[in-house]
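Asker: As listed in Swiss-Prot for this protein:
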- GLU430: active site, proton donor (ACT_SITE)
- TRP300, ASP301, LYS498, GLN499: substrate binding site (BINDING)
- 721-730: compositional bias 'Polar residues' (COMPBIAS)
- 681-737: region 'Disordered' (REGION)
Amino acid sequence: MEDAGEDPTTFAAHSLPSDPRLLATVTNAYLGTRVFHDTLHVSGVYNGAGGDTHRAMLPSPLNVRLEAPAGMGEQLTETFALDTNTGSFLHTLEGPRFRASQCIYAHRTLPHVLAFRVSIARLAPGSGPITLLLRSAFSPESPDLDLHQGPDFQGARYLYGHTLTPEQPGGPQQEVHMLWTPAPPDLTLGEGEEARTWDFLTAVGGSQAEAQACLTEALQLQARGALYTAHAQAWAQLWVECGLDVVGPLQLRQALRGSLYYLLSALPQPKAPGYICHGLSPGGLSNGSREECYWGHVFWDQDLWMFPSILMFHPEAARAILEYRIRTLDGALENAQNLGYQGAKFAWESADSGLEVCPEDIYGVQEVHVNGAVVLAFELYYHTTQDLQLFREAGGWDVVRAVAEFWCSRVEWSPREEKYHLRGVMSPDEYHSGVNNSVYTNVLVQNSLRFAAALAQDLGLPIPSQWLAVADKIKVPFDVEQNFHPEFDGYEPGEVVKQADVVLLGYPVPFSLSPDVRRKNLEIYEAVTSPQGPAMTWSMFAVGWMELKDAVRARGLLDRSFANMAEPFKVWTENADGSGAVNFLTGMGGFLQAVVFGCTGFRVTRAGVTFDPVCLSGISRVSVSGIFYQGNKLNFSFSEDSVTVEVTARAGPWAPHLEAELWPSQSRLSLLPGHKVSFPRSAGRIQMSPPKLPGSSSSEFPGRTFSDVRDPLQSPLWVTLGSSSPTESLTVDPASE
């Protein structure tokens, strides 16, 4: 979808931003750095005790800059570009005689490998040598690691050591082992040579053997001339399998592409074996050193702001994120015990252990709404995948149950109101602390408890009576006279709030609201939300107005929702003035949701994925490809007049067949694999087709969820459909059904 011939996938400039925090990042699921930065980080490697724990700084061999020697006597054009198609950062110098380029990347299929390559090509006749400089400031030192130099391995230097201070007393001091091929001070295209390329590798592991094995694998690919090709092809395949685009303004398209690129960069390649998630922090793996981007800690940002879009495009990574919460459950149980409560209280700021590592106690004690965000992520995952194995055998049920137990021990009964109260909390609006009955938090309590009860029933487990009693009787503040939800007991309209809070009710938090109340909540809080608040706020106001079909207000807020994106590499800052966390995945996640869930109207429910597309001015078409739902991959696109849905792949014969139920006609259209189905734009739901009648031919398993037959995410056997012949299209007028 090209707009006026512009490419929304490559972000180029002739100079770098003056603020080095805004340089592009290159990351994969294990390693991350900013280009031309002296530090790299390793996933899950933290140094420092308690609230001082932060991502350990490892010196980066990629901190090398290509330069022309002084006095070369040529006018050179310098270009810097982030190519999202290949997950690569390119620095190019071009003159009349030559073109030299440096390509920096975090390898997509070898996550323990970072690399850069330098190429020099002759452009004009002549045979003289051409020499370029490589400026490096590498120093084998770190304030966080006790590092030592070891023997070279296959031409690579070796640096190893361990963190200085464990997160908790007696905890592990994590090992880091790094091998790298050092860059020389200059490179020369020899006399008579037309072109040449040099590769420089960095391999990092948790042991010497792991680092050596990873470097060896990379060197083998390099010897075959396939090192960069394997990386670029993996990115190309990823973009084939998932995508998000609009026919609309270039800046919006670039914002969508950049946000999805940075989020996908934090995740493993689909079907990658052995991936262990150590959580996603607001600034990503490229940031998080001491006193930087919240020290690399994991917040509710992961579960509420990043997770929903990840789930739709990459359910394996979504499961790995939930496994991080399962793995840190012991820490959450201890957090609750330390506060005098039962069950689990997930840390407001979490690192390796799951114990609270927030430097300021007030947030760890009061922002209990993180628990609700964690359980909501488990709920969305369950409805999307029906992966009962995660809950039956892999610890998911333990998390959901422990949070339910925490809520029941944390609430207090009010005889006067005959309601359960939740006192002394802080909601997302951090301008107000120690409040009673945050409406956002209390609705999350309801949601957590009701999901816990429903899941217990599906698992054949007893349901404690207190769970539904608290869910039904917890106070949900509502002002009948003014027809809106006060943020908490005693909130007065007009009080300034920090960020989206009450407006999260309805989406992303499931909660039934009349259109009038939804509108009033939006109007009241939009007027008093601080313009200095974090980036994800305005995307949720945009979603709210999309729900109400107010396209004008929604479009203005959608544009405002990516105003924190900095040029030229589309790196986000937490706050509009450029302060706060950078490469702010939280803000990107909120913005992506504004399109993936706002424009489409997608809502993941127990019955299916509902849709209700809305067209905004200046956007004539929205396309979302590679959506996952119960073992099926779908493409969903719409314009002013029509909606098109196509099932493009199935994970196996156990994946249920789907249909689209249109509203209000109740027409049901079969979504046959390999066929496009188009219908006039309307609301509806994508859902499982009813089981075949007895005796009919079917590959489905009537009466059983597909997770009963096979774990849907363990080595899925994706079958791509329609690749050998043109995809058939079926256009349906529901009125004729």
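Keep in mind that glycine also has a Cβ here, set from the backbone N, Cα and C atoms.
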Asker: Need the DSSP three-state call for GLU430 (active site, proton donor) to compare against my parser.
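Answerer: Assignment for GLU430 (active site, proton donor) reads coil.
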Asker: Using the Cβ centroid of TRP300, ASP301, LYS498, GLN499 as the reference point for the substrate site, which residues of the same chain not in that list have Cβ within 8 Å?
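Answerer: So the extra residues in range turn out to be PHE299, TRP305, PRO428, GLU430, ALA500, PRO534, MET536, THR586.
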Asker: How would DSSP class TRP300 (substrate binding site) in three states?
Answerer: helix
Asker: So which binding-site residues out of ASP301, LYS498, GLN499 end up within 10 angstroms of GLU430 (active site, proton donor), measuring C-alpha to C-alpha?
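Answerer: Cα filter at 10 Å returns LYS498, GLN499.
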Asker: Fewest other C-beta atoms within 10 angstroms of its own C-beta: which of the recorded positions ASP301, GLU430 fits that?
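Answerer: The recorded positions ASP301, GLU430 were compared, and GLU430 has the fewest Cβ atoms within 10 Å.
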Asker: Could you give the maximum C-alpha to C-alpha distance in Å for the residues TRP300, ASP301, LYS498, GLN499 that bind substrate per the record?
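Answerer: Across TRP300, ASP301, LYS498, GLN499, the two farthest Cα atoms sit 16 Å apart.
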Asker: Mind checking which of TRP300, LYS498, GLN499 has the fewest other CB atoms within 10 A of its CB? They're the binding-site residues.
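Answerer: Lowest Cβ count within 10 Å among the binding-site residues (TRP300, LYS498, GLN499) is LYS498.
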